[in-house]
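*Asks:* My questions all concern the structure below.
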Ligand code: AOF
Ligand code: ZN
């Protein structure tokens, strides 16, 4: 592929960034391509945390292919880092390699970088540009930007319903309302999330595993259960394999010990009403380096999360069927006036198999 302008260079780098979709957390997914005389002479993507960043991978790729990067242009989807984290600064690596120009799609919001990567390159005499396909680069790491800028994850709430917005019959039957294609698509969104959150009601009723299946990924997201009164069974499948975080509001030493035996960690975060303080939980998850949080819960926890301003985006799968009087999507209080409605905007609408997939964002 011939790269003759910055737009094409960043577009290709974004394709490389996507290769890290499931694996880089808590690091952002970054892509880098190195171009000389229109030819791609090296390319790379961010590896799992602690391993090489995209720029280092691209420089290695060029070296392995016997390509000289001196005088070349490096296209990166995020400003190269300037700090010593788990790995040394990419800006230094680019300087040492002798590239002539660096084009970044967007600045790194990490306060440890925040412009210093580009400044470092410039100080070394490298030509620098920033702000190409910025929106796409932001979308690629929407959770990382959220955590860096707001201290909390980007929260995506997934739900599947009939066209009249019903998720289950009153007798609980819900499998399956949407098609297999939509369910597999849902697992792709699970796979890219840092963590998947549900409530104790869903655990006790459906006994979900909350794992990624049917999508090829080497990493399983962390599982989180909001369980104010520690009511889930120690035999719940969501605990299998350990590492599940249980968020509670009312201590119960005996039950806590049982859950810990299953490898779970208990996070105690009560609010004044004796329930889990959901906004505080979002801050805590930010501190714990959760970039993208995927919520799959029942209508009550869904409603509470929305009512408390904890949700950024709905990922809705709507099947072409009507269920009539049945369980709704979100348990929200009745309004006296339309002025009180929660406004969203459609970010993306498309058909997946027989169903509609709607991404809608709270404004
Ligand atoms: C880059 N290229 O591919 C990525 C970057 O602990 P470390 O050394 O892995 O550094 C993590 C930080 O580096 C991360 O918070 C973000 O600011 C930046 N990510 N930077 O130059 C990359 N993934
Ligand atoms: Zn780096």
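The backbone N, Cα and C atoms fix where each Cβ goes, glycine too.
What TrEMBL says about a protein is an automatic prediction, not a curated fact.
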*Asks:* If TrEMBL gives 160, 176, 228, 298, 299, 300, 301, 302, 303, 304 as binding NADP(+), which of 77, 87, 202 does it give for that site as well?
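*Replies:* Looking at 77, 87, 202, the one TrEMBL places in the NADP(+) site next to 160, 176, 228, 298, 299, 300, 301, 302, 303, 304 is 202.
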*Asks:* Would you identify which residue of 79, 296, 308, 313 TrEMBL lists as part of the substrate site it also attributes to 174, 190, 206, 210, 213?
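*Replies:* So the substrate site in TrEMBL includes 174, 190, 206, 210, 213 plus, from the candidates 79, 296, 308, 313, 296.
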*Asks:* Just checking: which of the binding-site residues 81, 206, 213, 296, 298, 300 have a C-beta under 6 Å from ligand 1?
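*Replies:* Result: 81.
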*Asks:* For the recorded Zn(2+) site formed by 53, 81, 90, name the remaining residues of the chain with Cβ within 8 Å of the site's Cβ center, in chain order.
*Replies:* 30, 54, 55, 56, 80, 87, 89, 91, 93, 117
*Asks:* In terms of DSSP three-state secondary structure, what is the assignment for residue 296 (substrate binding site)?
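*Replies:* The residue in question, residue 296 (substrate binding site), is coil (DSSP, three-state).
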*Asks:* Using Cα coordinates, what distance in whole Å links residue 213 (substrate binding site) and residue 302 (NADP(+) binding site)?
*Replies:* 23
*Asks:* Rounded to whole angstrom, what's the largest C-alpha distance between any two of 160, 176, 202, 228, 298, 299, 300, 301, 302, 303, 304, listed as binding NADP(+)?
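*Replies:* The NADP(+)-binding residues span at most 29 Å between Cα atoms.
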